[in-house]
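Here is the structure we will look at.
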Amino acid sequence: MLNSVVLLNISSCDSPLVSALPQSAFTSSSELSNSHGPGFAKLNRRDGAGGWSPLNSNKYQWLEIKLEQRTEITAIATQGRYGSSDWLTRYLLMFSDTGHNWRPYRQEDSIGAFSGNSNADSVVMYKLQQPVIAQYIRILPLHWNPNGRIGLRLEAYGCQYKSDVVSFDGSAHLLFRPDPSDSLADRDVLSMNFKTLLNSGMLVHMEEHSGHSFTLELFRGKLLLQLRKGRGSSADFHPLVSLGSLLDDQHWHHIRVERIRGLVNFTVDKNTQQFQLPESWSHSEINEISFGGTSAAGLQKSHSRRNFHGCLENVLYNDISVIERAEEQQLSITVSGNVSFTCTESIDVPVTFASPGSFLALPWVSGGESASVCLQFRTWNRAGLLMTFDLQHNAGTLWLYLSEARARLQIHKTGRIMTDITAGSAHALWDIYHSLSLFDSKSRIHLSCVLYINYIYRCPDTEGGSGCRNPFSVFQGCMRLIRTDGALVDLIRVQQMLFGNFSDLQMDMCGIVDRCSPSRCEHGGRCSQSWSTFHCNCSATGYSGATCHSSIYEASCEAYKHKGNTSGFYYIDMDGSGPIKPQLIYCNMSDKAWMVIQHNNTELTKLKASSGINQHLAHFNYSADAEQIQAIITQAEYCEQELSYHCKKSRLLNTPDGAPFSWWVGRSGEAHMYWGGAVPGSQQCACGLQENCVHPEHFCNCDADSKEWLNDSGLLSHKEHLPVRALAVGDINRSGSEAAYRVGPLQCYGDNNFWNAAYFNKETSYLHFPTFHGELSADISFLFKTSSSSGVFLENLGIKDFIRIELSSPTQVLFSFDVGNGPLEVKVETASALNDERWHHVRAERNVKEASLYVDHHPSAVQKAPADGHIHLQLNSQLFVGGTASRQKGFLGCIRSLKLNGKTLDLEERAEITPGVTPGCPGHCSSYGDLCQNHGSCVEDHSGFTCDCSLSPFTGTFCHKDVSAFFKPGTSVTYTFKEPYKLNRNVSAQSSSIYSDLTLRGENVSLSFRTSQAPALLLYVSSYYREFLAILLNRNGHLDVKYKLQHNRDAEVFRASGRNLANGQLHRVSVQRLGETLNLIETQTQLFLIAESGEVDPEIARLNALGFTGCLSVVQFNSISPLKAALLYPDTSPVIVTGPLSESSCGSSLPTNPYAAETTHSLADHVGTVGTGEPIVNAINSDSALIGGVIAVVIFVSLAALAVMARFLYRRKETFQPQEPKAEKTDDSPETPFNTDPNSQSIISDNQKEYFI
């Protein structure tokens, strides 16, 4: 029974390792007394004074244990000294194979320190996340009971470790020829451990029967896995992947290469990368494997061009121990060169300058013909002080430091630089140890001074040091092999305080850490680092944040639309911070926000009969990849794709009973036998479904096999089948057969995620979802609206960790969390209240570097993460949305589009089955109504809103698109106003006054024009009584308003502009009147653009006869848009159009119909900028009517308070003063505002200041 227990303990690897060791296995930096010696530091023992205590309690003390052999260590446990007030509260755990070159154990790749005890007798145990293989254990106290001193008892747990090792001297190697019968089917696994002090050398070279080879090479401290195609000198290496860093640290590192068919998993220590081999390399068998290097010819094309110098351990190929076979001298192993089956190590004692306060002071006495100091160093920093010392006889102070990654020597004396020398090249300082030597042999130098390495806080204690200062950055990094005059400095004696002086050094270890391996930068962000932190360069990635986690793009065209964007190209990131890459997609912003995904052939493609060809197969490559398209279709409310077939003696589906001649292939690769406009599985076309085919006995027009051209066209809209990946067309090999097909772009609208919302109407209600997993990176975004002053949006709890976002007050959003370092809070304060029943956007992000919070467009708040703190967020409860687990502080209101790490939670689905929560949330116009421009009105929709442009002269998604037409002589538009009471033709004009008076507060007339003609009539309004108002350009191109508002008065002229407006640029005219209640008489009133028949003012008649050549746009009289009515609604509006009239882009600065142009140009032809808020403009070549292709400057001319007679005859007389125009900008200004010059010619004369209304 006892044996079985022992076996169980061994297999579980948790046996005690320390308690049975002799006292000689324990050493320490010092001991308080013999009874406080290190040999008494055994867990639960009361021998001696009950544990170990050093002579002095400071951070330079340590306790070391030597195990019987290299052992697998899985756990550590500590106690204080028995019956005392002495215990550790925090300590470092170090491991070594030799008792030198110590390696610190790190939790979570960042935490170096362990929390200790809170009293003398309780045991605190830690199971190591990654077991450690070592023979030596060292404990470094960091903090202890402030009311006592350092006191320690401990135990380590683990099990035996089997080790087969082989060492190479840089010229030897082992050649292994595996037996084909030992190979696994379609699978090869190679694993080993290695250690070395050199940063380059070939570890493994594998040859295949096909002549291909794999090479595993250490180069500048990284491992490269490469492929080589072919044999001989002409073979080329193809690097596949690079992994690891700082691997030349004389510590064991683990390698595993696993090939499963063509898939390779490459692992170095805890980091794994996966990649796919080329097809030709996927099934070859390994012929031979060379360990430790290869022949001289095989090294010529490697990066390092040298064999490996170091040790390999436990080399296994498909579970075969290569080292065991080599020791047994089996025939499958050939040994070349000096190979040893032990691992001997040179003992170098490195020292780490880990903090700004680290320094080392060494006494140095030199005499003779030469003096020298040498050392090796490595660091992440490009600047830092290496050493300094005073020269004798007041010759100055020598400073040797790093500047821009180059070594620089200066001698300073009395504030002057006497010597300045720079050496070395500016390159990485971390990948290898760099040697630095300072040598003087030209003159007899006698030095008796203190050599300060990285000394910064005080000047050397010499007579000449009273005025010194350190103008340089501190050095943070590792040094080794420090020599003065050729003699190696014994750093162990320094550590024992027997020689020199130091502060805050980590002796006998190099603590350099590669914070970019593995890189915490996401989405292709480029990682760089200093000694203490790392940085991510997110440029050109499409992502932002400290770790390039959050996408800068919207997830759909719908989202862009609700930011006020119009049609154009936008980058769409379907899953935000998820793995799907952003894609450039055209957004067609009409009443719906259509996403248009083009492919390589959207044009009509004609086919003719060809002998020997029975079928035409077309494949379609889309501008988005398969993963992106699937995400677009899944997220969209509706998708469609046009599928057309034109035929002449070419059958399509061979209905009703034949096998189809043609079919199309959908998203998942399945063939479909139904056509556009029909339902899936029907083997019909649209006409068959609608029962209106040319020949009723067939379900497709083309199946009639007619000699006349017919077609079957329609839309495919079954989302699960889209898009069309390929099209097979048959029945084109007969004489006289002709056909043509067209597969349109994939088009989708709607965003199910963007409008997914829930309304919380009870404070105790909430929605629950599975645990949120955002261990290293977490981003949460949503929209909310509420009238409540506070409430929790969401919460997720762990044992100690948590994450929570809440509205803590009407003007504050709070993001709080704990990852093991204590609670942290990030707050955003807003100037205005957030409980205003409008949608507000919240985005919170937490990563290993910082936490940030964004609310609408308010300044963000950022909280930096603690240095070397816990980084993993560990949650285990359900995620609560709209409330908390305690049902307190619940949220009242709406939450919409809730995304966690790019994945949208389906709030509506959960709300359907949850009391106190209802799906959906109306009321979008309060937030998005401002997007409707130019007097457009917002209309609520279930999923969003639309803009009603019926009262605006503009059209488009947001009433932003102008309606323009280019006029030529002979073209006119007449608009007749509809009266509420129809007048009898036989009734006298005077009798019209019997109708009721109506009241108007003001009138507005506005239009834009572009012309080079002067004089010219732009707009003419007349009444039944021949009162009129005309807007015209006089012969000088100045803008005049001529009006006659009473039939018994002469016409008057208002000179609106003193500059020439007939300059081919776009100008905007606005005529307005605001006044008191008016008495109105109903009359038959007409508004004319350019022409009117009948008796008119002579000058107007003369201008009318000349006609008008130019552009008019956005013409409006009050709520009437006559030009818009004539162009867009001619059949339903009271308009009469004379001459040719068609819509034009002449009044716009943008090219028309960008999507139509886009279908004939590739993306490579597009120019312009792409952003998150603005589409690519002028992205397509266009034959627009813009004059000279130049964007026109819009000039606003104000004719404020001018009376207008249009629909009604106004009998009220009023007097007003016109507004004085403001000063002009220069002509090259993007806008020309009002003129404010008091001497401007546009100021009217005294006799023009009285108007009759």
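Glycine too: its Cβ is placed from the backbone N, Cα and C atoms.
What TrEMBL says about a protein is an automatic prediction, not a curated fact.
On a predicted model such as this, the values are computed, not experimentally measured, just so you know.
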Partner cysteine of Cys921 (disulphide bond, per TrEMBL) from Cys894, Cys949, Cys959: Cys894
Winner by Cβ pairs under 8 Å against the domain 'F5/8 type C' (13-159), considering only 512-549, 756-921, 922-960: 756-921
Residues of the parent chain within Cβ reach of the domain 'EGF-like' (512-549), under 8 Å, 6 or more residues beyond its termini: 243-246, 271, 352, 354, 378-381, 430, 476-478, 571, 573, 577, 581-582, 776-777, 779, 845, 847-850, 852, 867
Average pLDDT across the domain 'Laminin G' (756-921), rounded to a whole number: 92
Positions on the same chain near the domain 'EGF-like' (922-960), where near means CB under 8 A and six or more residues out: 558, 561-562, 564, 566-567, 589-591, 637, 750, 755, 785, 837-839, 1006, 1114-1116, 1119, 1121, 1123-1124, 1128
Composition by DSSP (helix, strand, coil) of residues within the domain 'EGF-like' (512-549): 0 helix, 10 strand, 28 coil
